[in-house]
Amino acid sequence: MADGFYNTDWGNQEAQGSSYGSYNPNAYSNQGFTNQAYDGGQFTPQTNFAGQNMDQDPPTDHDPYTGTFDSEPPLLEELGINFDHIYQKTIAVLNPFKHTESAIVNEVDLTGPFVFCMALGTAMLMAGKVHFGYIYGIGAVGVVGMWVLLNLMAPKGAHLGVIASILGYCILPIVLLSLLNIFPFFDLRGIVGTVCSIASVIWCAVSASKLFSDGLEMKRQQVLVAYPCAILYSVFALLTVF
């Protein structure tokens, strides 16, 4: 009779789902701290209090240290070097009558001016003249002077970096003039050299004034801007000749 009572009680406990009759692992699982729960012979994913699936890896979209090298921009782009814009500005200097977009002109690009100033100093050095300090010193004074002048003339003002970029690019004809001075049979102090020097200064002044008028919306003031540019490039021409 005890056995029958025990069996009946055990069956009632199983029917009622009591913890004395069966062991249910889900009853002891904490959904906020466990990753999986046992349900009917298989593991089912669990979620935390925020409703996120804890079996999945955390999102890494906003982690700056998990990106691949393919998604990173090129190194030259991070340094601000654009060869296409350098090429277009150089062509605009060589062809003063070519129209250049305002966005390209107003870009602060000092790579080309640095290369051209180094080329000018190197050409003078090959001719026996060490004028690197004069080139950068006169260039800095000229940039500041043109910045003050253009801020008074331009409707929207001018950026110092843009002025330095334009003046540095337009020194290219003076660089070509200094290359002629390397050859011993070519004398820049003669009649031919004087004509080449005057032509280089006019070339530089027209190119610089054209870029300033395109970038700073000074269409009717190109002649006024060309005059101080010609004075600045005349100093570089004198350094090259003498």
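Note: Cβ is positioned from N, Cα and C throughout, glycine not excepted.
TrEMBL annotations: computationally assigned, not manually curated.
Database features (TrEMBL):
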COMPBIAS  9-23  compositional bias 'Polar residues'
COMPBIAS  44-55  compositional bias 'Polar residues'
DOMAIN    93-239  domain 'Yip1'
REGION    1-23  region 'Disordered'
REGION    44-69  region 'Disordered'
TRANSMEM  134-154  transmembrane segment
TRANSMEM  166-185  transmembrane segment
TRANSMEM  191-212  transmembrane segment
TRANSMEM  224-241  transmembrane segment
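Counting residues 6+ beyond its ends, the transmembrane segment (191-212) has Cβ neighbours under 8 Å at 89, 92-93, 96-97, 100, 105, 150, 158, 166-167, 169-174, 176-177, 180, 218, 222-223, 225-227, 229-230, 233-234, 237, 240-241 in the same chain. DSSP states for the domain 'Yip1' (93-239), grouped as helix (H, G, I), strand (E, B) and coil, give 109 helix, 0 strand, 38 coil.
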